[in-house]
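Listed in TrEMBL for this protein:
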{"type": "DOMAIN", "residues": "5-337", "note": "domain 'Cation/H+ exchanger transmembrane'"}
{"type": "TRANSMEM", "residues": "6-26", "note": "transmembrane segment"}
{"type": "TRANSMEM", "residues": "38-60", "note": "transmembrane segment"}
{"type": "TRANSMEM", "residues": "72-94", "note": "transmembrane segment"}
{"type": "TRANSMEM", "residues": "106-127", "note": "transmembrane segment"}
{"type": "TRANSMEM", "residues": "139-157", "note": "transmembrane segment"}
{"type": "TRANSMEM", "residues": "178-201", "note": "transmembrane segment"}
{"type": "TRANSMEM", "residues": "255-275", "note": "transmembrane segment"}
{"type": "TRANSMEM", "residues": "287-307", "note": "transmembrane segment"}
{"type": "TRANSMEM", "residues": "319-337", "note": "transmembrane segment"}
{"type": "DOMAIN", "residues": "396-528", "note": "domain 'Cation/H(+) antiporter central'"}
{"type": "DOMAIN", "residues": "536-676", "note": "domain 'Cation/H(+) antiporter C-terminal'"}
Amino acid sequence: MQSHVVLSTFAGFGIMYFLFVNGVKMDVGNMVRPGRKAAIIGLSSFFVTMGSSVGLAFILKKCLPMSSSLDKSLLLIASSQSLTGFPVIVTLLSELKILNTDVGRLALSVSMFCDLIGISIIATMFSINQSKPGDPFGFLPPFLSVVIFVAAIFMIVRPRLVKKYKHTMDTKAVDEKTIVFIFILVMVCGFVTDAIGQHFILGPLVLGLAVPDGPPLGAAISSKLDTLATAFLYPAFCAISGAKTNLLTIDLQSLLVTAILIFISSLVKLLAVMLSAMGMGLHFMEALVLGLILNAKGIVELTIYNLWFDDKLIEEKEFALVMLAVIVITAIVTPLIKRLYDPSKQYLSAKRSTVYQARRDSEFRVMVCIHNNENVPTIVNLLEASHATRETPVAVTAMVLVELVGRSTPALISNQSGKHLQSKNSSVGTSVFKALSLYEEQNQGCASVQSYTSISHFQTMHDDVCRVAYEKLSHIVIVPFHKQWAIDGSIESVSRPIQNLNLNVLDKAPCSVGILVDRGNLTGFASVRTPTTQFQVAVLFIGGPDDVDALAYGCRMAKHECVHLTVVHFLMFGDENSKDRKNDSHLINEFRQENIGNNRFLYVEEVLRDGEGLTSYITGMAEYYHLMLVGRDHSDSPLLEGLGAWSECPELGIIGDILSAPDFKTKASVLVIQQQRIGGKMNNLPCVVRNRNAMVAPEEFHRPPLIVDPSNYSFSVSMPLYDDPYK
């Protein structure tokens, strides 16, 4: 008995702090102002399910034999089927990695609105339950106590917290005293709500809603409590709930009645959500998935069933039945959603959208992603080098990527006014907005800029990137490399979440993708606009569609009056008559033809025998350039043999991995380009046939001796192997 009391107390504290943290992460604005679509779907989901479930419970009580305990509990079980808990939905969406999708965002809004309705009804029912029989106004004192408590929290506590941290987004500004005070206040609120006749979890939940979400305060609280609440207290509560469940008490008749009630209630809820969602413009499959999501069960239901069980509103058998129902519904809904909904299909493009194709377009559409202020100078330089003119303007879509911390709801914000950036992000968004505005002013009439901020988890951030790239018909998405260099040339920081983000973008993007290895701070950010110095760019061409896009981008840069482009075509000795080489030569000649008379364009062929000669040549040339462009994947060239046994960064391909290696001594930034995949497969140009489906695994680079002498075993001189029409 004593151990049971200890475990119950521990579980109570666990669920109290878990719901407090979830309350902190909820956006109260979205809860009370959900939007027309979410409000209609939420009202349909809640009240249609409530009415049909309670009505069905009355019918079952009259038509089917059942035990007295189930007869007493059936209306409660029926009413619980209308609940849609925000903590349940956000956990499910995060697990399925669909938090950033349109369906995911709508499900969050609907669940928050349903939570508001559910909390209000439950608080009212608790107040009515305390009234004396025969007193029609007996519920008013406890109900007014709840209203006064909520008003005090939102009119006294919240304004003070908002005012204190109004002018900072830095979580370090939150002192430990404030955190400890709030943690103590959680328990005080639980005690107060218990004293006024409500359940003790109401107080912490209301306090969590009153705490401003996001940085600095919401993020600081989440960082302190998230691991404890989600990895320890919440599982402990679930384990204790499981220990209280005795499946042996379930009889077949009770199981049948409960199964009929829950199955029909879930079906009605699914249909109510689907019909209202389709009426609001959603497609059938999206409406079906939304209905399945809102049918999910979890911590909210467990909490309510434990509450009823502890208050003797349901018996041991009914508690076991509803706990079993939660497990079964979760086991059915989760794999069904995985099977039916793939968010990447919404931005799969059957139309080619590559840098190579952009040569024939009137507008070059570039999307750049930015994590911090250090990314800005090199990206602006890259945009400037892209040569915006009135004939071939550059349309830039910039997306500031911010990790979602201290809130559950992701956001995709259009930053067409500076106030959005200031309120949702720190100085990063403001600096980006100013730098891109200056770029647009300096290229007035030739360049346009639209900027966005994506606030999301790194696991799902690629959905926002790919979605906006698809909507803007971008030719290329440029994302920063996950490593940053210090000014002395050492690696300053490494972010594995950003690396995973880049891999997801490479896999899902509806256009070409460039990964920018930024070493701009090593050269003092040499500017393309500086007329006294030529911005040196090199394209390394081995073969394949990715190299074609790199060449196309480089040749676009060569038209800029301050850019000098060198194209180095690496050829395998003794491979003169191969079909691939002829195809490559035909395509390169096309670009050379476009640059006849351009003295800032230099084409060089280097005939080599093996990979050691290739790495030696690249090592020797790298120090002379500000930017190097290379494709991610190449043909199965013997030049790459022996270079692909190990890889630290497979997203860069073999040559990109060499150029970004910590021991590769260069100050040049590197842009590694992958041409667009269509239908999940690599693209093939009509004149360049390559097998790109196999992933290349590059090895760690160890720099060999510098090879620049033509008498060496690898030739490092220009050797035309076919008739050159430009002589």
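Positions of Cβ are set from backbone N, Cα and C atoms, glycine also.
In terms of C-beta pairs under 8 Å, the stretch of 6-26, 72-94, 139-157, 178-201, 319-337 lying closest in packing to the transmembrane segment (38-60) is 72-94. Per-stretch counts of Cβ pairs under 8 Å to the transmembrane segment (6-26) identify 178-201 as the leading one among 139-157, 178-201, 319-337. If one looks beyond the transmembrane segment (178-201) by at least 6 residues along the same chain, the residues whose Cβ comes under 8 Å of a Cβ in the stretch are 12, 15-17, 19-20, 123, 126-127, 130, 142, 145-146, 149, 153, 157, 164, 207, 211, 217, 220-221, 224, 303, 307. Taking Cβ pairs closer than 8 Å, the transmembrane segment (255-275) reaches residues 41, 44-45, 48-49, 52-53, 56-57, 60, 64, 66, 70, 74, 77-78, 81-82, 284, 287-288, 290-292, 294-295, 318, 321-322, 325, 329 in its own chain, all 6 or more past its ends.
Helix, strand and coil content of the domain 'Cation/H(+) antiporter C-terminal' (536-676), in residues and according to DSSP, is 54 helix, 35 strand, 52 coil. Beyond its flanks by at least six residues, the transmembrane segment (139-157) meets 123-124, 126-128, 130-131, 185, 189, 192-193, 196-198, 202-203, 206-207, 210 of its own chain at Cβ-Cβ distances under 8 Å.
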